[in-house]
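Worksheet: the structure to be examined is printed underneath.
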Amino acid sequence: MSILRKLSPTGLGVAVMLLGMLLFALNDAMGKWLVATYSQGQVILIRSAAALIILVPIVWRAGLSGLVRIERPGLQFARVFFSTAELFCFYFAVAALPLADVMTYWLAAPIYVAALSPFLLGEKVGWRRWTAIAIGFVGVLIALKPSSASLTSAALFSILGSAAFAFMMLSGRQLRNTPDTVLAFWQIIGAALAGIVAVVLTPSGWLPVQSGFDLAFLGLLGVVAMTAHVLVNRALKLADAATVAPLQYTLLLWAVIFGWLFFNDVPQTSIVVGAGLIVLSGLYIFFRENTLKRRRETAEGLAAEQV
């Protein structure tokens, strides 16, 4: 603890972000282990219930009025829909694919956001970022290996899930004034309702929990996910995004480590090459956007001084 007290806010933000990414990767590994025994709907339902146990007191202290007076309800509904679709796609994919494979596809989401932002948000994207986007898509294709033998339903769920994640990020950009707790609350409610529907409508949707350990593990899944979200949000408040956001790519490192330790998975060459292109493309897009943002802020500051 004494070491943490000596850290600057930026250093503490980096440490908190790294811990958040570790917990997200641990959450993914736990989910992969659980869906080998229980249905996706059951895992998501219990995960959501456990997360609500933590979140409800926080929302209660902040006041329930924010939950009722929802900013842009149509957009909020779209965000909940995409976040729920992303969650189900992830668990379908991770049940059949190595963690590193699934994480590679998911880390392509910022590339999709950059490609869609000119059409959905009216943002300008120059040739440099379009080049990076194209390289990122090449990385996805290399990782996917789109042949009749390798293009499995699990791989398609990975692509659909990462696309849903991208649309969730795009909708989140337009809900900046909505508190994080409100976004998280409705996101969890949407997942819980979808989990109930999946449990009721699918064969073997609900299986008896085999042991107290499994029940604790199912509940811990929601706790770990909520804690990871809190840590990431805290990191973004302690340090600027340019410092901590690129650390999200450490998820891929943890996915490789956990996949090897717990599931005896070793990434294929195509995944390694594709992931490298996706990470490089995503980092360039992020730093380029951050550079342009600083230039705009500098220009606006100079214009204000001249006035």
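Positions of Cβ are set from backbone N, Cα and C atoms, glycine also.
Unlike curated entries, TrEMBL annotations are predicted automatically.
Remember, predicted model here, so these are calculated numbers, not experimental data.
What TrEMBL says about this one:
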DOMAIN    12-143  domain 'EamA'
DOMAIN    153-285  domain 'EamA'
TRANSMEM  7-26  transmembrane segment
TRANSMEM  46-68  transmembrane segment
TRANSMEM  80-97  transmembrane segment
TRANSMEM  103-120  transmembrane segment
TRANSMEM  127-144  transmembrane segment
TRANSMEM  150-170  transmembrane segment
TRANSMEM  182-201  transmembrane segment
TRANSMEM  213-232  transmembrane segment
TRANSMEM  244-263  transmembrane segment
TRANSMEM  269-287  transmembrane segment
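For the transmembrane segment (269-287), the partner stretch with the highest count of Cβ pairs under 8 angstroms, out of 7-26, 80-97, 213-232, 244-263, is 244-263. Taking residue pairs at least 6 apart in sequence, the transmembrane segment (80-97) and the transmembrane segment (150-170) share three or more C-beta contacts under 8 angstroms. For the domain 'EamA' (12-143), the mean pLDDT of the prediction comes to 87. At the 8 Å Cβ cutoff, the transmembrane segment (80-97) and the transmembrane segment (244-263) share fewer than 3 close pairs (sequence separation 6 or more) and do not count as touching. Only pairs six or more apart in sequence are counted, and the transmembrane segment (244-263) with the transmembrane segment (103-120) gives three or more Cβ pairs under 8 Å, enough to call it a contact.
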